[in-house]
Amino acid sequence: MLRKKYSVIILAAGQGKRMLSSIPKVMHKIAGRSMLQHLIDSVSKINIQSIYIVYNESLREFIPTIYSNKCTISIYWVLQESVRGTGYAVQQVLSMIHDDNEDILILYGDVPLISDKTLNNLCLMKSKCDIGLLTAYVKNPQGYGRIIRNQYGDVVSIIEDIDIVNQNDRIIKEIHSGIFISVSGYLKSWLNYLIENNLWCNELYLTAIIDIAYKNNFVINAIHPVDVCEVIGINNKSDLVKAERVYQIKEAQKLLELGVMISDLNRFDLRGKLVCGEDVCIDVNVIIEGCVSLGNRVKIGASCILKDVEIGDDVIIYPFSFIENSKIHCKSKIGPFARLRPGTCLQEQVHIGNFVELKNIKLGNNSKVGHLSYLGDADVGNYVNIGAGTIICNYNGKTKNYTCIEDNVFVGADSQLVAPITIGKNAVIGAGTTVTQNVDKDDVIISRVRQFSIVNDKVDKNKKN
């Protein structure tokens, strides 16, 4: 664990024109979180005290959505005064930092996959040098700044991709991720030198300080990330999609190593936190959002969506089911094509069939809702059977009303239960019944037009009434 506290500068003021979107680039999402949030979550795991985020005006409306999981970390938002390059952006923040001995970790908002392990390694290296760079070897370095080393292997400068004129420099495979660490006093001095000596063109590149530091005998070291994929830079939606898949495959691989059976690493999406018991099986195209807990021997069918769900042991979720903010106890079976909306709680061995929608409801042990039904705002007891096509009419146009169905009730197909209403134990509701009044226990209720037939050979069956 790092003992010294660091401050972090996140450069997030880029225009992101290549994203072709009205949404600021750093607010585009990977695994359900913005790129900026990914960075904040990573740096919050190391020993930092402050985060300075340099942003442009288009990001202002998104500021309330950004947070740190650690209350001890302060986040400062710094509006970029003018688009004059990364050097000026950092200098703007440095004017707010009065301790010239403070170590500053600089990150880029469009490099979101950096891990806390890599950042921790970079910070630890800082004790042995004046500048610590995060570099990587990549197959295709196009678009990245290249690391220039001398014959002894020392880093002497960084040349931006746009400024490369020498073919030998162009084929260099070691790239600068944009991420580095140094001391605030040094950064101030180097940037002031560049400005005072007019050693810049239209924009002041932060990377220009490396050449100055080397020529003044400062020690520059470089390390590589734990995984080269961490330094993927995102400039357009194609990059975003690639980064998403890289992230998801890594998360799926972690789950496999923990014993979870993921049918296809390329067809699994984790957009939150997943906790699993033993022998859990997850089929293809499953999406996990929010906080999801799966008990032992749970099976999730293809194309299911689970959002903020707690599922007990031996539960089977059949394909194409959507479950959110719900709790399902052990040995229950759900779906296919079931929808469980917020507030649903299923006790043990409950069966929910295809095309059933539940909302704000509790179903007791061994109760069944077979198919084609809607139940909302209700408390259903144990061993209740709800026939196909049953609807709880819980909304009168102004307010939602509550329904109570006690133990061992049988509700026939195509019934309507008009809330507020209570149905007593062991009652039977005949098929096609509309129930508008409370039903006592053991009662049998039928309310429908009696069937009758018309015998008339002269009736033209093809005539329209």
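Glycine too: its Cβ is placed from the backbone N, Cα and C atoms.
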*Can you tell which of Ala338, Ala388 Swiss-Prot lists as binding acetyl-CoA with Asn394, Tyr395, Ala431, Arg448?*
Ala388
*asked:* With Cβ-Cβ distance below 8 Å and at least 6 positions apart along the chain, what are the contacts of Arg448 (acetyl-CoA binding site)? List them in sequence order.
replied: Gly430, Ala431, Gly432, Thr433, Thr434
*What are the DSSP helix/strand/coil residue counts across the region 'Linker' (238-258)?*
20 helix, 0 strand, 1 coil
_Overall pLDDT for the region 'Linker' (238-258), taken as the rounded mean_ = 97
*Using C-alpha positions only, work out which of the recorded positions Leu11, Gly14, Gly85, His371, Ala388 is nearest to Asn235 (Mg(2+) binding site).*
Gly14
*State the Cα to Cα distance, in Å, between Glu160 (UDP-N-acetyl-alpha-D-glucosamine binding site) and His371 (active site, proton acceptor), rounded to an integer.*
62
_Nearest by CA distance to His371 (active site, proton acceptor): which of the binding-site residues is it, out of Leu11, Asp110, Lys359, Asn394?_
Lys359
_Listed binding-site residues Asp110, Ala388, Asn394, Tyr395, filtered to Cα within 10 Å of Leu11 (UDP-N-acetyl-alpha-D-glucosamine binding site)_ = Asp110
*asked:* Between the Cα atoms of Asp110 (Mg(2+) binding site) and Gly14 (UDP-N-acetyl-alpha-D-glucosamine binding site), what distance do you get, rounded to the nearest Å?
replied: 9
